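Visitor: Sharing a structure, written as structure tokens. Questions coming.
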Amino acid sequence: MDMITVGQSVKIKRTDGRVHMAVVAVINQSGKCITVEWYERGETKGKEVELDAILTLNPELMQDTVEQHAAPEPKKQATAPMNLSRNPTQSAIGGNLTSRMTMAGNMLNKIQESQSIPNPIVSSNSVNTNSNSNTTAGGGGGTTTSTTTGLQRPRYSQAATGQQQTRIASAVPNNTLPNPSAAASAGPAAQGVATAATTQGAGGASTRRSHALKEVERLKENREKRRARQAEMKEEKVALMNQDPGNPNWETAQMIREYQSTLEFVPLLDGQAVDDHQITVCVRKRPISRKEVNRKEIDVISVPRKDMLIVHEPRSKVDLTKFLENHKFRFDYAFNDTCDNAMVYKYTAKPLVKTIFEGGMATCFAYGQTGSGKTHTMGGEFNGKVQDCKNGIYAMAAKDVFVTLNMPRYRAMNLVVSASFFEIYSGKVFDLLSDKQKLRVLEDGKQQVQVVGLTEKVVDGVEEVLKLIQHGNAARTSGQTSANSNSSRSHAVFQIVLRPQGSTKIHGKFSFIDLAGNERGVDTSSADRQTRMEGAEINKSLLALKECIRALGKQSAHLPFRVSKLTQVLRDSFIGEKSKTCMIAMISPGLSSCEHTLNTLRYADRVKELVVKDIVEVCPGGDTEPIEITDDEEEEELNMVHPHSHQLHPNSHAPASQSNNQRAPASHHSGAVIHNNNNNNNKNGNAGNMDLAMLSSLSEHEMSDELIVQHQAIDDLQQTEEMVVEYHRTVNATLETFLAESKALYNLTNYVDYDQDSYCKRGESMFSQLLDIAIQCRDMMAEYRAKLAKEEMLSCSFNSPNGKR
């Protein structure tokens, strides 16, 4: 560090390769580095440079240091011999050479120590210079004897190169006196030492680089690796995109293919055994439709085993990285997109045919999103808008019913087969075999639910059943949606009933239900009241259906069947040990239907999971523990059921032979019947509200408070509508009777001697009754209109949740 001082100007090299002058600001002795500063573009800049780099760019510092440390010896004049008089400065040159070589060796040792070079191995050869000659100066007699100087020349095994050793050795003669050749080489010797030091500095700079330079090289290396990796990823991306050209979901498709490559596919085969369950839950995946192919949809459903299904839901992380969330579901059966209707029927509805011949109630219903294939599975395949009913579950079950009926075991029972077909839309029941006539659902004195006015036709063969199915499907309420051009908007119920010949008692009944699309329940917050009521009814019916199936599995004492018309009609199918139910969950394989598919599968999974866990509760002693019902609960059950058994059918038609005095009480009796019906409807509504409260408590995680309030408002609206319509029907019948009485009273005035007092008295009584009926009808309609406005305001006050089921 002695050759450099603070304030000295030295050359430095920038990271971009530029070389310029800078001023030494700080010298770090321990770190062997120097801090330099320079002025550039109006500001002072600085950096830390290692000593090796400074010496490499400034070799003159080494030469200056060697010259400064080489102190000249005083010249002693002596008389030289005659033979040396031609070269009077030879002795001085030799002395200077020795001093310079000594200082050069010391300087080289310092440089090597600064570069952490191991200690040198000193050779055994010593350079001894014996000067015994007398030097004569200017003819004087005085002589000078030079002293003996021993110079040890270090030898480095690895640090010094051969060229450097040669230069140093050539600069110092071995055991000889200085001669003209040595004197001639004295000057270049010091220059050779400086050159060696410069070479060593360059080597140290190559091994010890500055931190900034190392960081730049590291960043450059990382950048090159990153670019190479990006190029590889781009090539892989192009290769994957070539597998699905033009598909925006190619990345998701590739992840699904990679996951499927780890699965072992063992699908359901036609020859496998059929299991017997009281409640069978299965799922069917339909093929991708032509519309989905045109939209570049991808298949996100995998069916690896006969009882397992996986939904590959694409998700995104916070950094927008895509990944798959694989949802696994397990059911009794899982049908892939290669299974046809015959195979689905074999494992679902066919085992239930035997149940109805043994005196049981069987139910098979299809559940799923609009366009998932429910009507295709239950009714038959579609060719455009024309449905082929021969390969649906309806027709195949009817065929097996007649085959079983002709077996010797059941032929002696003399059973009669009849069929009915109706639909449930927005809480109303319509007969599909009688021009969609509106029907009423009531309970008789034996607490049996009856569909009043339902058309039930006796059938003798499969062809007659097919005609009924075609007629009913043509009349069913449907509409066009984005998923399906012929979307079902109602629950269709097709029933095959077995009765003994000459009896009205039901021996067995098979109910096939094609449910409305489950995504319709999301429309409970729609701006259209009809759509809201339709969605609310679908929500209630599906939740009630699930709870009724749970009650069937647990053998529960109470069914919340009054919540919806669907469960009211199917009440007898959920009671008794001989009742069996089969659920077919229909799903769409497309990516756009992933959310609805998961809702459908979760609904079906809860049904089966609850049945497996909650069939019976075993006591420690091994006996089954029945569900206890208190006296208050039994009384509550009776209070909810008995009002329906005493409901009267209004009939205000009086015989034509009755006198005018007897007809007036008949009209008054009509009003009494109306009031009685209203009271019964109120009791029915109270029971329905209790069932709805029970349903909401059982499905607290699926129904929010806002949704429950909206359901209650819509229920109240539907009950009020039924009361108003029923009262209006009775008023029409009363008006027909009143018109006949009014004409008869008017005809009395054609006689000259008619009784004016009797005429006025009877007319006053008749019109008073008519006024009471009109006022009551007006008040009921005003109340109904107020409830409509209330429901409208309620639907606008909050947003309904996403239709959980």
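The backbone N, Cα and C atoms fix where each Cβ goes, and this holds for glycine too.
Sharing the record's features from Swiss-Prot:
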- 1-274: region 'Globular' (REGION)
- 68-94: region 'Disordered' (REGION)
- 80-94: compositional bias 'Polar residues' (COMPBIAS)
- 117-211: region 'Disordered' (REGION)
- 123-136: compositional bias 'Low complexity' (COMPBIAS)
- Ser157: phosphoserine (MOD_RES)
- 158-179: compositional bias 'Polar residues' (COMPBIAS)
- 180-200: compositional bias 'Low complexity' (COMPBIAS)
- 205-244: coiled coil (COILED)
- 278-610: domain 'Kinesin motor' (DOMAIN)
- Gly368, Gln369, Thr370, Gly371, Ser372, Gly373, Lys374, Thr375: ATP binding site (BINDING)
- Thr630: phosphothreonine (MOD_RES)
- 633-688: region 'Disordered' (REGION)
- 648-664: compositional bias 'Polar residues' (COMPBIAS)
- 676-688: compositional bias 'Low complexity' (COMPBIAS)
- Ser795: phosphoserine (MOD_RES)
- Ser797: phosphoserine (MOD_RES)
- Ser800: phosphoserine (MOD_RES)
Visitor: Look up Ser797 (phosphoserine) in the DSSP assignment and report helix, strand or coil.
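Guide: The residue in question, Ser797 (phosphoserine), is helix (DSSP, three-state).
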Visitor: Relative to the Cβ position of Gly371 (ATP binding site), how many further Cβ atoms are located within 10 Å?
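Guide: Cβ-Cβ neighbours of Gly371 (ATP binding site) within 10 Å number 27.
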Visitor: Over the region 'Globular' (1-274), what is the model's average pLDDT?
Guide: 64
Visitor: Can you grab the distance from Gly371 (ATP binding site) over to Ser795 (phosphoserine)? Cα atoms, rounded to a whole Å.
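Guide: Rounded to a whole number, the Cα-Cα distance is 28 Å.
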Visitor: Tell me, if you would, which residue among Thr370, Ser795 (recorded positions) has the fewest other CB atoms within 10 Å in the structure shown?
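Guide: The recorded positions Thr370, Ser795 were compared, and Ser795 has the fewest Cβ atoms within 10 Å.
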Visitor: Counting only other Cβ atoms and using a 10 Å cut-off, which of the recorded positions Gln369, Ser372, Thr375, Ser797 scores lowest?
Guide: Ser797
Visitor: If you count other CB atoms within 10 A of each CB, which of Gly368, Gly373 wins among these binding-site residues?
Guide: Gly368
Visitor: Secondary structure at Gly368 (ATP binding site) (DSSP, helix/strand/coil)?
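Guide: SS state of Gly368 (ATP binding site) = strand.
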Visitor: Roughly how many Å lie between the Cα atoms of Lys374 (ATP binding site) and Ser795 (phosphoserine), rounded to a whole value?
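Guide: Cα to Cα, Lys374 (ATP binding site) and Ser795 (phosphoserine) are separated by 30 Å.
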Visitor: Give me the CA-CA distance between Gly368 (ATP binding site) and Ser795 (phosphoserine), in Å, as a whole number.
Guide: 26
Visitor: Please report the number of other Cβ atoms within 10 Å of the Cβ of Lys374 (ATP binding site).
Guide: 27
Visitor: Taking Cα atoms as reference points, rank the binding-site residues Thr370, Ser372, Gly373, Thr375 by distance from Ser795 (phosphoserine) and give the first.
Guide: Thr370
